[in-house]
Amino acid sequence: MKRIILASSSPRRIELLKQFGIKFEVLPSNIDEVISNDLPPEENVTILAKKKGEEVLNRLGEDAKDSLIISADTIVFVEGDILGKPSDEKQAFYMLKKISGKSHIVYTGVCVIDTSKNHILSDFEKSYVYIKNMTDEEILRYIQTGEPFDKAGAYAIQGFGSLIVEKIEGCFYNVVGLPLYKLNTMLQKLGYDLMKGEL
Ligand SMILES: Cc1cn([C@H]2C[C@H](O)[C@@H](COP(=O)(O)OP(=O)(O)OP(=O)(O)O)O2)c(=O)[nH]c1=O
């Protein structure tokens, strides 16, 4: 394989992939992440993950020959509403108030494009997350950590957000933004395996 590309600007996704000792480049996609409330959450994340990978593929053109491009998209689904990343403090407050004291579902879509085999695989993972009941004061204090702003649903389970997550059901790494087990099952379908430390 000539190039392995992670089509993501997410520091969490980069860290998670790094641990397998593979050499990869980081080339974030430039798509507009538009969520459609007319589509189910799993379709939204699957479509967005695919769009991210395809945008990087098109940008690379001929240079994408013999490459593996990995991309992902994460959203939070609660009471019929899809929550992406909050753009300001007001939105972060709204999201945290909405997920407080109940469970929600985190969906991550994953896309793997193998240009050497002319294959595109896309799939998604879902996990259930239970958030403690928070007072307005607790929500404001959490927002002051600065953590909510680039995270779907306005929290990070891997950071201060761990202090508001009571429990989860499903893949932890899916909540952080890259479901590693799912990703590896997709890679295995293409004849690769992260366990081998090389792709
Ligand atoms: C729920 C949750 C989300 N997140 C993050 C993962 C993703 O980075 C982000 C969701 O936004 P995404 O749009 O999925 O990704 P991104 O914009 O950060 O990066 P890119 O599109 O370039 O790949 O939320 C956490 O880090 N922890 C959490 O607990």
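The backbone N, Cα and C atoms fix where each Cβ goes, and this holds for glycine too.
Residues annotated as site 'Important for substrate specificity' in TrEMBL: Arg12, Thr74, Gln158. The active site, proton acceptor annotation in TrEMBL covers Asp73.
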Which recorded positions are spatial neighbours of Gln158 (site 'Important for substrate specificity') here, meaning Cα within 10 Å, out of Arg12, Asp73, Thr74?
Arg12
Pop the Cα-Cα gap between Arg12 (site 'Important for substrate specificity') and Thr74 (site 'Important for substrate specificity') into the table, whole Å please.
12
Could you tell me the C-alpha distance between the residue listed as 'active site, proton acceptor' and Arg12 (site 'Important for substrate specificity') in angstrom, no decimals?
12
Using Cβ-Cβ distances, find the residues under 8 Å from Arg12 (site 'Important for substrate specificity') that belong to the same chain and are at least 6 apart in sequence, listing them in sequence order.
Ala156, Gln158, Val176, Gly177, Leu178
Tell me which of the recorded sites Thr74, Gln158 sits in the most Cβ-dense spot, judged by other Cβ atoms within 10 Å.
Thr74
Going by DSSP, is Gln158 (site 'Important for substrate specificity') part of a helix, a strand, or coil?
coil
